[in-house]
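Record features (TrEMBL):
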- 14-36: transmembrane segment (TRANSMEM)
- 20-250: domain 'Cytochrome b561' (DOMAIN)
- 57-77: transmembrane segment (TRANSMEM)
- 89-110: transmembrane segment (TRANSMEM)
- 122-142: transmembrane segment (TRANSMEM)
- 162-179: transmembrane segment (TRANSMEM)
- 186-206: transmembrane segment (TRANSMEM)
- 226-249: transmembrane segment (TRANSMEM)
Amino acid sequence: RSHHPVAEMLDLPFLPFCVLLGGLGFVCVAFVSAWCQHWRGGFALDGSAQTFNWHPVLMVTGMVVLYGAAALVYRLPSTWSGPKLPWKVLHGALALAAFGLAVLGLAAVFRFHNDHGTPNMYSLHSWLGLATVLLFSCQVGAAPTPHAPASHFPHPPLPSLQWLAGFSAFLLPWAPAWLRALYKPVHVFFGSTILMLSVASCVSGINEKLFFSLKNGTTEYKRLPAEAVFANTLGLLILLFGVLVLGALARPSWKRPDADSPDSCQVPAPLR
């Protein structure tokens, strides 16, 4: 079957795409860090406004960039043959790191709100963000609640339900093949859903922060000051990162060929 010349020109190999996406993820983290450092006063751990600034940095780094990287581990061509166990460990470690940063990000925002008497969980952004983390969490107690002090946890954060289920189905060698085949589409669906919700939460949070901050003596948001342009650009970069990750996940030619490397295989595939 012949291919259109334009389509062939746009057919970027996965590894260059991966480098491009990694660079974009780094830019997203650099942008959110620069925004909080330059315009929002930097970072602290004392419950001040600078404590809040950890929230966007940790959420973008964890639930967008690291989570997106975890989703794409099995698209690497080097994972298509040989033992899958190292790649399963890498996938699980990235997802667990993303969840850990998300919990710390929630702790920062609840700590700030509670120390300043600010109500929790009243905005669409807060509902969407907490729903995203809860979908990824093992139980509500893994994250601080609006009515509990956020400076400490009564129990240590627990691994996420998505991570725990994936660990049980794909990493443990005694998990039956039928269970892996049954759970795999569920795992993939909720993984993509969590990433989409994470992007939506970050973008809505940036917008909400700008509306709250750019008033009372500062240049109003509607007049588009430099901070607004910078933060709006950050939102577009996060959105682009999420779209590219989801596009890579949906591309059939970049999926691991199951026939050559079944999910049940955890030892090197025989040479042909």
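In case you wondered, yes, glycine gets a Cβ from its N, Cα and C as well.
Annotations in TrEMBL come from automatic prediction, not curation.
Among the listed stretches 14-36, 89-110, 186-206, 226-249, the one sharing the most Cβ pairs under 8 Å with the transmembrane segment (57-77) is 89-110. Panel annotation: around the transmembrane segment (226-249), residues 14, 17, 21, 24-25, 27-28, 31-32, 34-35, 39, 60, 64-65, 68, 71-72, 75, 188, 192, 195-196, 198-199, 202-203, 206-207, 209-210, 213-214 of the same chain, lying at least six beyond its termini, place a Cβ under 8 Å from a Cβ of the stretch.
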